[in-house]
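Before any comments, here is the structure.
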């Protein structure tokens, strides 16, 4: 993907500002990157709008996560070449053309910052819902054609891309072999496909796909997901059977409703199979129980204590808040606690990740940022704390980050041997009123 020196882009005309150079130790690299990306060609007005909106965000994420200059350029080239042209019509107001289930405010892109152990640099990823011009019409009622088009383009661009699993799960869960939906009426949130891009330290791109089955008269999304996995893998790994037993028999598991499947677009023997499910229960004791799969998994070292510390800090809970007490009840489709369970062939027992819903339950983005940084510093992972703070300040659409939440959607945690792996999920808030005032 060579940089084409046509149609320079003026970063000052974007609704996002390119990363400032004020005293940043990476300022030389940043200036070179800025000079390079101003010469990227973007072929149409709609793609240009998405490029101008997403590229500055991705640039500061990569910069503050200490990616090399070459890796930053490769990642931005990929965004320009493949992602921006598939994001759909440019927004013209706070009312979205397509109500994406990617985020609560329908923004069809979400970034993530995966904190690493010790002084290691974070990993940057982002997820999108590609949007077609015909999304929501009879021709493309569930907005699937843009994603299919995107994957067709990626086949020739990513050497390790393997669509074997994608084709099976697309057909089984949201395509021609999927059960007929309970209603022919298009719902406000009818998203069925997401795509995610993991940026390697060398600028390489790993691709992931997510499928959101639509309820049918005879099969719930959970039943559709389990059936699709079993019909794809005749060996029926023990992990899927263990998860089925947990969801069917355990007091906590019974409250979790599977809603989505995520895969890695690599060879099926290496891919994770991540079943996402949500529960209305929100106490820490409930979360701790699910993270251990009711005792099937045993946390190592201080993992469980770290999880409790993270939970209390990012949610802004007082130290004496009871571990058995539920968080305040909310009437929202994404209220409650989200988990994923990896039942891929390499996982004899499902791996579990919890999505702490800071968007709904924390006090403000400023509070989340302060307390998350304090937690990471206390656990020896504070080297990139200042860079993370600068990222949040850039993404914030409100000059007063103390006034509420919006940038942070989730802070996730997973047990990884003897410590906690923590990831922040961030929303650029495309339809925030501040952008259009």
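For all residues, glycine too, the Cβ spot is worked out from N, Cα and C.
TrEMBL annotations: computationally assigned, not manually curated.
Annotated features, as they stand in TrEMBL:
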BINDING   110  L-tryptophan binding site
BINDING   125, 208, 210, 272, 274, 276, 355  dimethylallyl diphosphate binding site
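Everything TrEMBL records as a feature, shown here on the structure.
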residue : record                                 : DSSP (3 states)
110     : L-tryptophan binding site              : strand
125     : dimethylallyl diphosphate binding site : strand
208     : dimethylallyl diphosphate binding site : strand
272     : dimethylallyl diphosphate binding site : coil
355     : dimethylallyl diphosphate binding site : strand
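Among the record's dimethylallyl diphosphate binders, 125, 208, 210, 272, 274, 276, 355, no two C-alpha atoms are more than 18 Å apart, and one pair sits at exactly that spread. Of the listed binding-site residues, namely 125, 272, 274, the sparsest Cβ surroundings within 10 Å are found at 272. You'll find the Cα of residue 210 (dimethylallyl diphosphate binding site) roughly 14 Å from the Cα of the residue listed as 'L-tryptophan binding site'. For residue 208 (dimethylallyl diphosphate binding site), applying a Cβ distance below 8 Å and a minimum sequence separation of six or more within one chain yields 127, 195, 196, 197, 198, 262, 263, 264, 265. Counting only same-chain residues six or more apart in sequence, the Cβ atoms lying under 8 angstroms from the Cβ of residue 276 (dimethylallyl diphosphate binding site) belong to 210, 258, 259, 260, 261, 262, 338, 339, 340. Recorded residues residue 355 (dimethylallyl diphosphate binding site) and residue 110 (L-tryptophan binding site) have their alpha carbons 14 Å apart, per Cα-Cα distance. Listed in sequence order, the binding-site residues near the residue listed as 'L-tryptophan binding site' (C-alpha within 10 Å of its C-alpha) are 125, out of 125, 272, 274.
Report note: the dimethylallyl diphosphate site is defined by 125, 208, 210, 272, 274, 276, 355, and the residues of the same chain whose CB lies within 8 Å of the CB centroid of those residues, excluding them, are 196, 262, 340.
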